[in-house]
Amino acid sequence: MKSVQLCFLFCCWRAICCKSCELTNITITVEKEECRFCISINTTWCAGYCYTRDLVYKDPARPNIQKICTFKELAYETVKVPGCAHQADSLYTYPVATECHCGKCDSDSTDCTVRGLGPSYCSFNEMKE
C-alpha cells in the first residue's frame, strides 16, 4: 500500500512541477533580403518536456527515436514588413503552432540540430521595432 501511495505522490509531483509539451508565446526575428533589416514578431510555438530515454545498449534492429516537443498543427500568418523598397515583396508569412505533441523531429520542417541559429538571429545590422 505504501508503494502505491508513493507512486501516486510521484505522479502528482511530476504533473505539477514538470511542464509538459504545450503552446507558448515567443518572439521571433524575421528578415526580408530585399528590405535589408529585421523585425520582431510575436507568435505561438511549442515548448516543454517530453518523456525520453537513451538506452545503454543500442539495438540496431530497434531504432532509438528521441521525442521532442513539436507542433502537431500549424497555421500561417502574414505580416507586412515596413520600409521595403516599392518593387520589393514586403509580405512575410510565418508559422504559428496551434497544437503541440511529443514526437520525432521532422528535419524537413524543423531545425533538429543541437545549436540552431535561434529565434532572434538577424543577418543584417539594423533592427526595426
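From the backbone N, Cα and C atoms, a Cβ is placed for every residue, glycine too.
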Handout entry: Bond partner of Cys84 - disulfide, per Swiss-Prot - picked from Cys35, Cys38, Cys46, Cys122
Key = Cys35
Problem - Swiss-Prot annotation, disulfide partner of Cys122 among Cys38, Cys46, Cys50, Cys69 - result: Cys38
Exercise for the section: Check Swiss-Prot and name the cysteine among Cys17, Cys18, Cys46, Cys50 that pairs with Cys100 in a disulfide. Expected result: Cys46
Exercise for the section: Quick one: which of Cys21, Cys105, Cys112 does Swiss-Prot link to Cys69 by a disulfide? Expected result: Cys21
Exercise for the section: Could you identify, going by Swiss-Prot, the member of Cys102, Cys105, Cys112 that forms a disulphide bond with Cys50? Expected result: Cys102
Practice task
Determine, from DSSP, whether Cys105 (disulfide bond) sits in helix, strand or coil.
Solution key: coil
Problem - For Cys84 (disulfide bond), the three-state class that DSSP assigns - result: coil
Exercise for the section: Out of Cys38, Cys112, Cys122, give me whichever of these disulfide-bonded residues has the highest number of other Cβ atoms within 10 Å. Expected result: Cys38
Completion exercise
Among the disulfide-bonded residues listed as Cys84, Cys100, Cys105, Cys122, the Cα nearest the Cα of Cys21 (disulfide bond) belongs to Cys100
Problem - Neighbours of Cys100 (disulfide bond) among the disulfide-bonded residues Cys38, Cys69, Cys112 (Cα to Cα, within 10 Å) - result: Cys69
